[in-house]
Amino acid sequence: MSSYLRSFIFGLLTISLAQCSPILKDTKDTKFSTGSNISLKKRDTNVFDSVVDTINPASYFGTVSHPVTPAGVSTDSLSSPIETNKFFDNNLLGSRTNFMYADPFRYWWQSSDTMGGICIAHTDDNQRVMDTDDTIPSYYYEPIGICSLGFGASGITSNTDPIVDEIDQMSARFTFSWDSSSMQLTLTEGMAVTTAVYTNAIPQIFSSTLYINDFVEVPGTSAVQKYRVTMSDNHVWLIYIYGDSLTLTESTSQMLVGSNTFNGYIQIAKIPLGDGTAEALYDTYAGVYITGISISGYVEDAVGYYSFDFTTAGDTSVEPLFFLLPHQVDTAVSGTKVTSIVLASLVSGDMNAAAGNSITFAEAIPQDIGFLPWSPTGGQIGYSEEALEIIAEVAGTELGEDFSANSNLNSMYYSGKVLAKYAMLCVTINDILGDETSSEQCIQKLEAAFARFVDNQQIYPLTYDNTWKGVVSVAGLSGDSLADFGNSYYNDHHFHYGYFVFTAAVIGHIDPDWINTGNNKEWVNFLVRDVANPSSNDPYFPKHRMIDIYHGHGWASGLFESNDGKDEESTSEDYNFFFGMKLWGQVIGDSDMEDRANIILGIERNALNKYMLYADGNVQPTSMQPNYVAGITFMNKITHTTYFGTNIEYIQGIHMLPITPISAFIRGPSFVLAEWNALLASVIDYVDSGWRSLLYANLAIAEPEESYEYFSSSDFNTDYLDDGASRAWYLAYAAGLWANDAVYYPVSSSSTTTTSTSTGSVTTTSTTATASCTLPISYTSTPTTTSISGTCNGATFDASLYVCDGTVLCPIVNGVSYQNCNGACYNPSQYGCDNGALGPVQSSSTTSSITPTPTTTSSITPTPTTTSTTTTAQSTGMQLCGSNYYDASSYYCDNDQLCPIIDGVDYLSCNGACYNPSQYVCSDGSLSPNTVTTTKATTTFTPTPTTTTTPTPTTTSATSTNVIAQCGSAWYDSQSYICYGNILCPIINGSPLLACGNACYDSSIYGCSNGALVAA
């Protein structure tokens, strides 16, 4: 280990100790049972109705009209934002007759002269179509086109198109009007009874695919009239009539017709097959119907609460029935009575009907997960000497890449991935390596690359679509609707924009001044608003375009019709957006945005692990469990594949990328390991693309040692690294989770939250703090477990190892209690503290101690810093060289230059280069061999910087001893590299590569013309 890195690590340890943060430990579990009557104290602020911004995006992006216009939308509604990824969108596109999937029912407009209106369909699990070609089924779907019952009326024909209005994130209203008559239905997700409101109309109830086996009038309810109808598939439906007097009669085996013109409403509900109690429950809750659903929410401690608040009509003295999905049944805590009525959902397991005007749910949230790796086991993130060295080396290589050129692509998706790669690199350098100089260089390069997009100068700029109201790429507006994965048609916006929001959060984290510079904040907020605007008070975007709070995850597809409804191909890019949004809210100080994202992430962990990731407690068919992930989840179908191929690494991997600190919150270690052992371990050696490294990075969640060994291998093949992935970050992620032989523990935000179980309750955790970092002396491998005997600024500590000075924990080292000086801990026998600044104690008996973190260079390897004065009296202990303190046992200060002491020899300075005076002499700023010394001569090159583009270096005789030289701001070994201006090029087999522009090249293969490489 180099003396540079040793000093660097000790400096980091000093800073880490001074900034110890609490590691959260479980002390007590608070269980909220389903249907309990606990009192919830809500905050004044509803984070689901907090405006992000109201700036008109057209003023930044300009505006266009979209080539696809909403079909059937009322004139008044056209002026408002229109949802583009919701269950009812098929009715706004194309022929408008495709299916609308409002779990647990399917609806569609049946355009007909004889049976026109809205069809209702529901199928049970035994009607599901399963893949029978494979031993492990790769797909299933629910049969479509079965019109169990439908609402119609005399006078509705194929020319009577429904008008859509009252469009919201969970509902829309459909109105058929003819002459002076109308039929109106509000369709919502989860509604247990379907209601049609009639005005001056003769109702018709029909089925275009089934026949009526039995139809009877049933007395004894609050309804004007009630009927029970049994269809030819043996399913039983109930019909309730409210309003004017009306009698239904069976006109044909497929049609019930009203006796007269009617003003009122009719409700239809399905009795689960064989359920003898459901009818009485429906009778209790009939008469009321839902016309709208609003969402509210807040965060309290480490729990996120969200509520569905229903707007109702009809008999509002009655609470409405509403179907809950499995992840909601597990977490409902207030406002509802869960009934025994159970219907199968489309692809999300069994649903329970619950009664209530407002239903509140509680989810454990990732409140303390930030930019550093997070351990799902509650372990401490730590790094060994070896890991830090390898991470630094790899990060230095990646830092040399051209951020701007690599991210200047013709796709928002791919550009975003590259930017996020470099964001993770900057996090690695800044938060883990603690290299301020390289961090500054990294973030400046990242800001420059990001600026192209803020300035809207990318290959395909963004524009504001004034038709549907959103920010889209221009790539597909004039021809290919699938350009950039359909971004122009609102497909995958959460996948695309999540990378940009995450990158912006990293920049704001490292350089807070950037946030309010120019249009940076507004531009990022435009993306947040496009994907997840929470409020109707923002007139420029629909609410929650890409997230379905009811289902607990996002939907894609946008403005494309689909028989099976919207779909989700990548769970991980879904939650990546909300992780980026959480961090962005944090760095800009928008606590409502941060809380909202935390709640959504808590919901997604629960929902995704029940429906799309086949973890313990998931609801998918047992026969499909060996697939481990759904693949593509449609509203009506699951198929174990991708849109771009059927390789197993594609199907599993698209649910992994990108690997960030939130990954382990969603993807538990047991799930990751089971998936690896069953599907991936046997094929990993045959994966010859960037997917291989992604699979290994994901493995770090369960087996960090194996992941680390892969990424730290000396023969690591960069061909197996995706363009959107940073090897330095993958190393930092795996090494931090492994924490083997750790000597350094970065300030961490680790927390332990208990996932909700499948037994109908949610477990949340209250926490207490213990010290999360310790000072390893002589590089002890792991923190020592000790007894707790003190409290310092909320952190408990062992008073035999630490002292509390003010609010800072400082160590006791060799019996000496270190003291606090403005956040830094110091040995009082070696330092003094004057006005918050450390200074050395001038004493001939001082000994070497921990040094402050040295300023490091752009190559990431920590190095000495040049100074402005000369210190002549050298001795061991801490000395002052200009404004920098250094360990005089390891460095020598000579003429504004810190040079190392190697093998007892004080190296001297010569025009920026450090040299061994027994081997070299310095004359007029140039080094030449010391001819007095007898050495074995070799050929090397002068380290003096040159200024030409492709210079021929001057060779000199030299010894085999290294010369430590400086090139620009980087230090290098002159036997391995040569400096051209500020460009370092390697020496390979004794021959130096030449420089051309910023590239190094072999002159036997290439030439250089005007700063560009050409064939030799």
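Glycine residues also receive a Cβ, built from the backbone N, Cα and C atoms like all the rest.
When the candidates His235, His327, His496, His509 are compared with the (1,3-beta-D-glucosyl)n site entry in Swiss-Prot, which names Asp567, Glu569, Glu573, Tyr650, the shared residue is His496. The two recorded residues Glu573 (active site) and Tyr650 ((1,3-beta-D-glucosyl)n binding site) have their Cα atoms spaced 14 Å from each other.
Sequence-distant neighbours of Asp492 (active site) (same chain, 6+ apart, CB under 8 A from its CB) are Tyr413, Phe485, Gly486, Ala556, Gly558, Glu573. When secondary structure is read from DSSP and collapsed to three states, Asp567 ((1,3-beta-D-glucosyl)n binding site) falls in the strand class.
Glu569 (active site) and His496 ((1,3-beta-D-glucosyl)n binding site) are 13 Å apart (CA-CA, integer value).
Sequence-distant contacts of Glu569 (active site), defined as residues of its own chain at least six apart whose C-beta falls under 8 angstroms from its C-beta, comprise Ala556, Gly631, Ile632, Thr642, Tyr643, Ile654.
Residue counts for the region 'alpha/beta subdomain' (273-364) by DSSP state, with H, G and I taken as helix and E and B as strand, are 12 helix, 53 strand, 27 coil. Residues within less than 8 Å, Cβ to Cβ, of Tyr650 ((1,3-beta-D-glucosyl)n binding site) and separated from it by at least 6 positions along the same chain comprise Thr642, Phe644, Trp691. Residues His496, Asp567, Glu569, Glu573, Tyr650 are recorded as binding (1,3-beta-D-glucosyl)n; their most distant pair of Cα atoms lies 18 Å apart.
A sphere of 10 angstroms centred on the C-beta of Glu573 (active site) encloses 25 other C-beta atoms.
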